[in-house]
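For 28-49, 71-91, 103-125, 131-154, 175-201, 213-231, 243-261, 296-314, 368-389, 409-428, the entry in TrEMBL reads transmembrane segment.
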Amino acid sequence: RIPCLCGSAPCLLCRCCPSGNNSTVTRLIYAAFMLLGVGVACIMLMPGMEAQLKKIPGFCEGGMGSSIPGAVYRVCFGMAMFFLLFSLLMIKVKSSQDPRASVHNGFWFFKFAAATAITVGAFFIPEGPFTTVWFYVGMAGAFCFILIQLVLLIDFAHSWNESWVEKMEEGNSRCWYAALLSATTVNYTLSLISLVMFYIYYTHTEGCTENKVFISINMLLCIGASVMSILPKIQESQPRSGLLQSSIVTLYTMYLTWSAMTNEPDRKCNPSLLGIIGYNTTSPTGRDHVVQWWDAQGIVGLILFLMCVLYSSIRNSSNTQVNKLTLTNDESALIEDGPSHPENFEEGDGVSRAIDNERDGVTYSYSFFHFMLFLASLYIMMTLTNWYSPDANYEMMTSKWPSVWVKMSSSWICIALYAWTLVAPLVLTNRDFD
């Protein structure tokens, strides 16, 4: 129905989803917008797409926009500008009674048309310094999104541990204790295997000093964080702190370490996954710097991105500190057992629709949510192009050290953030961390 295209979020999903909160349904639709953009960006990586783009009159003439990385940059530029515009537009929206909230929660057809127009228009931007400047903007935005991933990861780790410990205390303790122990063991086992593989394939007896330092430092930091989580003082202030959270943070740190090393310019210290398993990755001309767009690091990064966006859309954290940081509250559950305000429950043609649970106040910051999706657009741009930088002549993409340092510093911030969640109750004794 045409009215649904211009109306609110509940109208679009009322026939295919159970009754839930309007705030959550809206975020899921925006997440679908983002996933659609990711799909288009992935299509730009398909073989032969570059030749097809060059056939369109006036499209990226003589520029990188018709190349594989340039096309991905421009698709993600369109997504990023769309979400940045809405982030600015939604500043200080307090409730669904604000006229701007109607724009946020409805008019989906016009918003889709606007996002499409911005993306198509991006392909007509003259090349000039666009790709290089946008690369550094993307690197900064992706770094910020990684930090958001870290906050959500630590929140997820604490919520997971808290949930299982509660079930263990309620009954059938042996079963839940075994599950807790198994999950922790699997995480640490995968981390240990990763560590061994790093030393085998990403270091050499002579050279690769940076990799040796990176791997060793992160190994020691992870061991330190794990030991810290079970110290008597920490356990006294946080009885539910344990090795499950540490194992998750350790495994994610190993991923960030691997991701950083895959961007090293020195190919001797940065073997491709295909090269490790025995495939020849050199080009017919004998050069070994051929760009592998669909490598394992990019695929894992894409999966983590999808999980982060979906989790941020449906999350209902019990951690009030995380809620303050992400500007949400605990009223944003995906599915409610029943409407707390029957008068907010819309019905039409016998079909139940979502509850407008934001009449008295929004349950999350509209502006921050769009800003997070803006950063997510930059992160996916860097992930799909392997964080490669265009050279001065825009003829090829190469790995650069700034990409390595961005990822390595994010791994150290990850461990520091987790360590802070452990020691904060001991340092800030006048704060309530329950």
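Glycine is treated like the rest: Cβ placed from N, Cα and C.
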Report task. Report, as numbers and ranges, every residue of the chain located at least six residues beyond the transmembrane segment (243-261) whose Cβ falls under 8 Å of a Cβ in that stretch; write 'none' if there are none. Result -> 146, 150, 153-154, 156-158, 160-161, 164, 180, 183-184, 187-188, 190-191, 194-195, 198, 202, 211, 214-215, 218, 221-222, 225-226, 229-230, 269-270, 297, 300-301, 304, 403-405, 407-408, 410-411, 414-415, 418
Report task. Check the transmembrane segment (131-154) against each of 28-49, 213-231, 409-428 and return whichever range has the most CB pairs under 8 Å. Result -> 409-428
Query - Selection from 28-49, 213-231, 409-428, the stretch that has most Cβ pairs under 8 A to the transmembrane segment (368-389) - result: 28-49
Report task. Mind checking which residues of the chain, 6+ beyond the ends of the transmembrane segment (71-91), have their Cβ under 8 Å from one of its Cβ atoms? Result -> 34, 37, 40-41, 44-45, 49-50, 53, 60, 64-65, 100, 103-104, 111, 114-116, 118-123, 125, 130-131, 134-135, 138, 141, 366-368, 370-371, 373-374, 377-378, 380-381, 384-385
Report task. Using a Cβ-Cβ cut-off of under 8 Å, list the residues of the same chain that are 6+ residues beyond the ends of the transmembrane segment (175-201) and lie near it. Result -> 161, 164-165, 167-168, 211-212, 215, 219, 222, 242-244, 247-248, 250-251, 254-255, 257-258, 261, 271, 276
